[in-house]
Amino acid sequence: MPNLTAVSVFLLRGFSTVPLLQLLGAASFLLIYLAAILGNVAIVAAVTQDAHLHTPMYFFLKHLSLVDICSVSTTLPWALVATALGSRDISLHACASQLFAFVCLGSTECFLFTSMAFDRCLTIYRPLLYRATMSPETCVSLVSVAWGNGLVFSAFHTANTFSLLFCGPNVIDHFFCDIPALMRLACANADAHEAAGFAVSGCVIMSCFGLTVLSYVRILATVCRIRSAAGRWKAPSTCSSHLATVLLFYGSGSSAYMQPRTSYSPTQGLVAAVFYSVLTPTLNPLIYSLGNKDMKGALLKLYPRGPF
């Protein structure tokens, strides 16, 4: 059996293998990164300072924005600095840390979306019991559970991925350390690891998505019983922002993580990653603020001369 030397340093391919496109991509993603940070910081500041937004829905939204800030900061700064310096190296330990943080934040966001769906369902289905059920203690517990489950889920995936042997090649076809791209570089057969990761991801994602769907089924059933046309429109309008972000998150994320390694395409993985790791955190503040009068009012207090 030949001697196998473990890889201690990986090379990130970046945004493109073409130098000009690499620079253009870096410039574009720098602007997107700044927009994501400014937008989510504005949401956090508005919810924190405006007493009218001290409700469960905006409490979850503030934590969603905090997760988005951390998530986009886990991947893009490293890629942008690497492009600027012309160095694509990332050590094995740094790669594992980046993967752990990214998966933790992504799974925490998944659980937060489920909590937000439950909140919206109670608002429409049980409005008289809403305040008693969604107490501050309950909200804190739901957020704590989201973070706790995210840490456990991420610890499993990090251990499952980096228990594989990497002995070369060491070029990751991505701009950050992601599970599908890393598993393609494993020297040994990764089928068992892939199956375990697929099973755990499937259970978590489908459970969260299933609970979200059930919440919306209950919302739809309740709306259908409302007699007035105005009431039918007002009830689901409070859920439109959440539904839009959920579809964007699950649509892009499932295309990257819920497919076999053998059918993985670096280009497809890169495009999907841009959607769920970059565009989703950038668009969330816009989706939740453009059609929301309360959020617009809070943002106007922060930025009196802003575009809101």
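Cβ coordinates are placed from backbone N, Cα and C, and glycine is handled just like the others.
Residues 14-15, 53-54, 58-59, 61-62, 65-66, 68-69, 72-73, 76-77, 79-80, 83-84, 278-279, 281-282, 284-286, 288-289, 295, 298-299, 301-303 of the same chain lie 6 or more positions beyond the ends of the transmembrane segment (26-47) yet place their CB under 8 Å from a CB of it. Under the heading transmembrane segment, TrEMBL lists 26-47 (among others).
As annotated by TrEMBL, domain 'G-protein coupled receptors family 1 profile' applies to 39-288.
For 59-79 (among others), the entry in TrEMBL reads transmembrane segment.
Beyond its flanks by at least six residues, the transmembrane segment (99-118) meets 57, 60-61, 63-64, 67-68, 70-71, 74-75, 142-143, 145-147, 149-151, 153-155, 157-158, 161-162, 176-179, 182, 204-205, 208, 211-212, 215-216, 242, 245-246, 249, 253, 276-277 of its own chain at Cβ-Cβ distances under 8 Å. Residues annotated as transmembrane segment in TrEMBL: 99-118 (among others).
Sequence annotations record features per position, and here TrEMBL assigns transmembrane segment to 139-156 (among others). Counting only same-chain residues 6+ beyond the ends of the transmembrane segment (139-156), those with a CB under 8 A from a CB of the stretch are 56, 59-60, 63, 100-101, 103-108, 110-112, 115, 118, 200, 204.
According to TrEMBL, the feature transmembrane segment maps to 198-221 (among others).
The transmembrane segment feature in TrEMBL is assigned to 233-250 (among others).
According to TrEMBL, the feature transmembrane segment maps to 270-291 (among others).
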Same chain, outside the transmembrane segment (59-79) by at least 6, Cβ under 8 Å from its Cβ: which residues? 12, 14-15, 26, 29-30, 32-33, 36-37, 40-41, 43-44, 47-48, 90, 98, 101-102, 105-106, 108-109, 112-113, 115-116, 119, 139, 142-143, 146, 175-176, 277-278, 280-282, 284-285, 288
